[in-house]
Amino acid sequence: MPLPGHLLPAVVLLLAGSLGWAWVPNRCRAPREAVCNFVCDCRGCPDEAQCGYHGAPPTCGTPFTCDFEQDFCGWRDISTSGYRWLRDRAGAAPWGPEPRSDHTLGTDLGWYAAVGTHRGKEAATAALRSPVLHEASPACELGLWYHVASGDVAELRLELTHGAETLTLWRSSGPWGPGWQELRVTTGRVRGDFRVTFSATRNATHRGAVALDDVAFWRCGLPTPQARCPLGHHHCRNKACVEPHQLCDGEDNCGDRSDEDTPTCSHHVATDFETGLGLWNHSEGWARNHSTGRPQLPSWPHRDHSWNSAQGSFLVSTAETSDPAVLSSPEFQASAPHNCSLVFYHYLHGSEAGCLQVFLQTRSSAGSQTAVLLRGRHGELGAAWVRDRVDIQSRHPFRILLTAQTGPGGVVGLDDLILSDHCKAALGEAGPPPGPWPQPSSLQPRNFCEPGYLFCEDLCVPPQQLCDFQQQCLGGEDELECGSTDFEAPSAGGWKDASVGRLQWVRVQAGQSPGADAGGSAAGHFLSLQRAWGQLAEEARALTPPLGPSGLRCELHLAYYFQSQPQGFLELVVVEGSRRELVWQAPGHSPAGWKVDTILLGARQRPFRLEFVGLVDLDGPGLQGAGVDHLTLKDCSPTVVTEKDSEVSCNFERDTCGWHTDHLTDAHWRWVESHGPRFDHTTGQGYFMLLDPTEPPAHGPSAQLLTQPQAPTAPQECFSFWFHLHGPQIGTLRLALRREGEAETHLWARSGTHGNRWHEAWATLHHGQDTGAKYQLLFEGLRDGYDGTMALDDLAVRPGPCWAPKRCSFEDSACGFSTGGQGLWTRQANATGQTAWGPHVDHTTETAQGHYMAVDMSPQALPRGHVASLTSEVHRPLAQPACLTFWYHLSLRNPGTLRVQVEEAERRQVLSISTHGGPAWRLGSVDVQAERAWRVVFEAVAAGVERSYIALDDLLLQDGPCPRPASCDFEAGLCAWTHSPRPGLGGYSWDWSSGATPSRYRQPPVDHTLGTEKGHFALFETGVLGPGGRAAWLRSQPLPATEASCFRFWYHMGFPERFYKGELRVLLSSARGQLAVWGAGGHRRHQWLEGRVEVASAEEFQIVFEATLGGQPALGPIALDDVEYLAGQRCQLPTPSQGALAVATSVPAVVGGTLLLLAVLVLLGLMGRRWWQMRAGCSSGGETQAPGFDNILFNADGVTLPASVTNEQ
């Protein structure tokens, strides 16, 4: 039935409303005080945009953050010199001090804020300031990650400006650790407007490289007005709701102080130490102080709690390390049956040895004094004032004693002691409390040993030997409180709670949930999550004492229970300095009751600590909670050796044999099963070791896989293995040998993609005559690339030397080449720029840091006619002809002759090069046939010319005959085409694969050469390219000048429908620059097409395939096959019967027709516009026409093109 016309507008509005408010324009206008106040007052949160964080409303438990991926989030540089903050991208300066990856993504695609490396003669400060923020809650916490190049920065500072006062939230002069460091500070309650400033001060003689990322504001918003509050909550005057325990606690939780102005609060007695000690006038070892002026210690509080100001006063312990400070209340009347509650704020920072304890000292009717420990806090709680509370029901008069012990460099402070109305002073009480006063448990006598030492038998065990998994005392006292425990003893195995929020870890007796401890005893004890009185972070933390060093097989056995719905977690974290590594997490959905698990901790340096982190909603539905029990650290001594540790040969099918992952960083090798695009070498369906630089997310520079110390079986051993390096931007895989007391020996290295297949490699282990010295083998995967994977499989060691390697880049070693005792050939690099002779860059990396072999050919080093030999190790016999390629560099001044000889039964010369040199590396190739073991010998024959040299790099032995220059069918590899990444283009590489090989990247199903899935091709996945004009190059060897030569190839572009983003271009690169001579967009899909172009150059040049994007990233491969360079031959015109070729070469006609049609439309448009202007009577105003040029073939660089060049679009 047709809809009446008068009802149509109403129905449209109704439908729009039913589809959600996103269809309705958001016209919310929040008042000024509601902007940037950490509360989303408008739909979509536009009132919180550009506030130093993203405006999207966070989910429950997540902070407002800025990761700098899109913009500065409102942060603004306010520096007054050239030393300024910029928004920068990771990896932009690959050899500079800036981070190689950001913190958010952990890759070079991420962004961060960074200080520019401005050079100056004076010290300077770069300051980055937030927008104006409004109102911070008492629990507000600011977190960020920073990166510092050591030695370049004098000071880092984080400040909060509020009104006329600027508070220092954090300040550090280093030293700073490597990589990204986390900082979390509390702001305290801030009323009104404020700003946050992060500044870096550099020395006059340094650049001062600093980066900042992932700024986060946690729990900073005040509660919002509510019509009704949950049962038991307090309704503030501003209609906000706060929990009952937040009343009269000395903090403005409502936002208008109405929770501190209730009639109940008027009966409380608060001591803020601004004018004195108040009721707490019996003190020993405590003193009033403030934060103004230079802090006495780096750990000194920067502000008090009462006023959140450096001018405010607080109490700080001044007692010596070995003596307690004691603060006593007056004597109070018996409080039973009511609670006398004490709320207090404490500060423990700077030392793990610091502690604060609260005692109840009662006086019985007989006059005797007894002290009971009510609360104890130990260790490091951070630079924050933490709330706590004790409730006392006493049938006798009592006092409250607060005792403190300060560790070396630590500070213990108190502020805002608030007594409830049931704490009533006893009548007639005067004078100090009678002794003896209780001492903290950590101050019990240690006999004659120094503080911190453990006395056992006749020994004084130093702190560094406590909990080192090696027993020093006969009774094992030095290893008792080191994490292993069943929690039956009150010491809880050394685990200490370090929580500062609403939850804490407490040793409890089994009760209603889970009903028994892990051993099944209803009377047993375990460590459980319980309610607490803190006001800061939600999660609870419990830590061991400092442990280690540990061995490779160290593991933790535990029992746990965990019930939390819908949110919550239970985790084990390893804390090493400022680095935190998550090593275990309880499953989110598991059956009720106790469960057991084993966690591999591995080899770690001392000191490290274990930390349980837990979060549950104890007020949620059902029986929610978490606990741990029966903790056992097993095989943690570094001296523990098992039979499996000697298994160096391994195919990883059963386990990892004697190979272990190191834990120096958060990047790790993983033992995985073949699945999808990941396949092993042994069977194609088995297990292998895998390293993905981004899975799971990591920030460490490398991942290590190593053995235990091994005893050599012979003076020389051959270690062979299969490796897989695949991906458009994968990093470096290295093999090294370690001996105790010696520098690490690099044996082998490969960088960048080596195609989607397994390769065999080997290295000779030289032990010398003394075979008693043990060694370790170490594989290290460097995270200097982030897109791809590296893998290892089928490792084997046998006595005797290896054959000569098939590939050598000289990056990590001389590959066994010998100089015949002359020492004239040397392995060198030009990193310092001071090398007297040799190329400025190598061929492998094309940087000054890269290595090559070179010989000085000047008469002083090598007289005219003399020969310098470079001889390889023995190569294995060849089953078929092979091609040996190498890159050589000759000095501009004639160095002489480079001769290549193959030594089988006798030497035979296979190549002689005596041309003059130039600025580029050139390719040399020889065909080799050898039925017996053979060597290759490079001989440099001197011409007696000053300042001359010969250099070699990148030797490669491949099966099959050598191809023609710049020609390749890609069946055996990339031939002489170079795919090394270029940092200026993003560091991406072309890859090599086949349709039959499983891959994580899209690729053509068949090649062009064979037309089957087993054929191979060159490949690049453009989807990995980020915005910013990045590209990947595939370059030919240098080619001689030519008047006209034909270059033809087959290409395949597989982009989704309507995504014409990928581009393939052919460039000519010479000393004069680059010129595009051919190009194709991504609209030619899913078939092999031929491209051909005539090239001409008046000087030596290279042909370059460039894969890039024409717009936003889009998934899609670009593949190449059957590349052929016909020197001196012109291209033949195609015939219509050539099928796909006709399609490819008909594009210029299509483009021409399209351009003609477009020109006609433009002409019609101009005529129509002129007609309209004349009809309207408007004048053109005397417009002038500017000169222009045709940008299609712009050859101002002087590179000439033949008339027949076609640019296929």
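Every residue, even glycine, has its Cβ placed from backbone N, Cα and C.
Per TrEMBL, the features are:
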type     : residues      : note
SIGNAL   : 1-22          : signal peptide
DOMAIN   : 64-222        : domain 'MAM'
DISULFID : Cys229-Cys241 : disulfide bond
DISULFID : Cys236-Cys254 : disulfide bond
DOMAIN   : 269-425       : domain 'MAM'
DISULFID : Cys467-Cys482 : disulfide bond
DOMAIN   : 483-638       : domain 'MAM'
DOMAIN   : 648-804       : domain 'MAM'
DOMAIN   : 806-964       : domain 'MAM'
DOMAIN   : 966-1133      : domain 'MAM'
TRANSMEM : 1140-1166     : transmembrane segment
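Using a 10 Å radius centred on the Cβ of Cys241 (disulfide bond) and all shown protein chains, the other Cβ atoms total 18. Note on the domain 'MAM' (269-425): its mean pLDDT in the predicted model is 89. Candidate disulfide-bonded residues: Cys229, Cys254, Cys467, Cys482. Fewest other C-beta atoms within 10 angstroms, Cys229.
Residues within less than 8 Å, Cβ to Cβ, of Cys236 (disulfide bond) and separated from it by at least 6 positions along the same chain comprise Pro223, Val242, Cys254, Gly255, Asp256, Ser258, Asp259. Where the domain 'MAM' (483-638) meets the stretches 64-222, 269-425, 648-804, 806-964, 966-1133, the count of C-beta pairs under 8 angstroms peaks at 269-425.
Cα to Cα, Cys241 (disulfide bond) and Cys467 (disulfide bond) are separated by 48 Å. Geometry remark: Cys467 (disulfide bond) versus Cys229 (disulfide bond), CA distance 51 Å.
Reported as a whole number, the C-alpha separation between Cys229 (disulfide bond) and Cys482 (disulfide bond) equals 46 Å.
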